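Quick look at what Swiss-Prot lists:
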- 6: phosphoserine (MOD_RES)
- 9: phosphoserine (MOD_RES)
- 110: phosphotyrosine (MOD_RES)
- 170: phosphoserine (MOD_RES)
- 251: active site, proton acceptor (ACT_SITE)
- 253, 332: substrate binding site (BINDING)
- 330: active site, proton donor (ACT_SITE)
- 359: phosphoserine (MOD_RES)
- 418: cysteine methyl ester (MOD_RES)
- 418: S-farnesyl cysteine (LIPID)
């Protein structure tokens, strides 16, 4: 008879005892070496985010074990949705359309609950079409996505999985599922995604900057850069002008991948540093806020560690440019009508190229957070007296980057439709 510890026989022991006991067991297991399980800073940061962990893998590869470890690690505010609970046999989804409908309804219901921060979906998730449905749901409820595949030694070995899977699938059955899981699923882009709290802090700082700039006498003299034609105007509302704003949490893009179709995407995704950093928490430093007639954003100063995740070919406007690596690092805070978010980084490079050429612009005064510089042509830079630090998770954005109806609310009212930028 096993006389080891159990919750039932040791009800007097606090819950935290079992949490520590179970988490300490993950330290020595290679298959559980993920930042979201091992790195305490990441664990703490994820508590401030809405995250959908989508597990992928062949039956018997260790997904369910991994899912339970995640739930056990985060406990409060965490829910697991498992295809097994809906009696879904791994394979083509067509035969289980009603079961998947119920699963998705339950998943969406959890997404709507304010008390749930972390959702874990346990299924094979081997079909692109199915993943795209899940990414759309994540967009709709403003959840960041982390794709997780087991690291067990047998995860792709059909002969071993035949013995391990609970569905008694044959090796041939497993081989049919394998092609969709052998290759990494690349996002639209990789980047650092800010926590909700950090996003709100930075949004507020950006809004105050726009309000102060719009009321500044030096800016009022340059209104023609923002107002078409000869329309007379004494002042303008920059918050409204930059009305095309990112929904949900803010982010700093590292590499645009276009789901693997962009040049260099596959090579970038295969880097060891990326694999080790995926789903890990970072602290980003913001040194300045800027405005141009097209965009407004925050300049990010990357650390040596963060620069390892920065592509080597994105800091140039022309082949002859020689700006330091990481120059383009930024967070888009808003765009003018009909302007795409990619323009924010280009605007920042223009400003930095001008600075490198010896023209830092004219200091025109002090705002609440630092010194204001006029750079000409409607470009303004607020150099922060004290750098801002924001917490973020490094992951991918897997959605379509198109307007989606969003659920949930924030101060100021519900967001009805947003464009992911």
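Keep in mind that glycine also has a Cβ here, set from the backbone N, Cα and C atoms.
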Please report the three-state DSSP label of residue 359 (phosphoserine).
coil
How would DSSP class residue 170 (phosphoserine) in three states?
coil
Can you grab the distance from residue 332 (substrate binding site) over to residue 251 (active site, proton acceptor)? Cα atoms, rounded to a whole Å.
8
Within 10 Å of the Cβ of residue 170 (phosphoserine), how many other Cβ atoms can be counted across all chains shown?
12
Distance check, please: Cα of the residue listed as 'active site, proton acceptor' against Cα of residue 330 (active site, proton donor), rounded to an integer number of angstrom.
8
What does the structure give for the C-alpha distance between the residue listed as 'active site, proton donor' and the residue listed as 'phosphotyrosine'? Integer Å is fine.
33
Whole-number Å only: compute the distance from the Cα of residue 170 (phosphoserine) to the Cα of residue 110 (phosphotyrosine).
34
Cβ-Cβ distance under 8 Å to residue 359 (phosphoserine), same chain, at least six residues away:
375
Under 8 Å by Cβ from residue 110 (phosphotyrosine), same chain, sequence gap 6 or more:
79, 81, 116, 119
Measuring CB to CB from residue 253 (substrate binding site), give everything in the same chain under 8 Å that is also at least six residues away in sequence.
189, 190, 191, 345
